[in-house]
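Per TrEMBL, these features apply:
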- 4-201: domain 'Glutamine amidotransferase' (DOMAIN)
- 80: active site, nucleophile (ACT_SITE)
- 186: active site (ACT_SITE)
- 188: active site (ACT_SITE)
């Protein structure tokens, strides 16, 4: 059962529509107690780091997520800002992140880019996989995924980095530590590749 976390920020309906199309049981909730029904959790995210953390903290979801993810090892995938808040902190704001992934969120430094693409990074890009994962089974890596971001997770442990995207320099776009997965791109906007990612996440044990 997929639990899609609705804390007031994120494309929850688009994700729900994909799981409906896949005939996969899911529910959308903002109730911390209801999350206990989930075998897998999806943490969407659109907006600013601090706003997202404040919403999680004020709703009681943060405490419940810590318990389910860290203690019970429920698989979770964070999308875009949902990935970024898994880190310890962000250059974008002052609030502490969830701290599940050791590292910080940094703004893409335009001065370090070999080419001079514009920010935000918006549009389709292929990705380069560092570590094979069932999450990307049946995905066409050449077609890639849809991105929309100016910040990325700078993970301290390179073993946590599963894939990168080339946007003038190599930027982390998938991180994974045990049952915790973060995705910088938007699978819900990535057509068949995104559908495959959601399908794979719902069937694998991290």
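Including glycine, each Cβ sits where the backbone N, Cα and C put it.
Please treat TrEMBL annotations as automatic predictions, because they have not gone through curation.
Fair warning: this is a prediction, and the values are worked out from it, not measured in the lab.
In this structure the C-alpha atoms belonging to residue 186 (active site) and residue 80 (active site, nucleophile) are separated by 7 Å. Recorded residues residue 188 (active site) and residue 80 (active site, nucleophile) have their alpha carbons 11 Å apart, per Cα-Cα distance.
According to DSSP, residue 188 (active site) is assigned to a helical segment. Mean pLDDT across the domain 'Glutamine amidotransferase' (4-201) comes to 93 in this model. Every protein chain considered, the tally of other Cβ atoms within 10 Å of the Cβ of residue 188 (active site) stands at 24.
Under a cutoff of 8 A between CB atoms, and with a sequence separation of 6+ in the same chain, the neighbours of residue 80 (active site, nucleophile) are 44, 45, 46, 148, 149, 183, 184, 185, 186.
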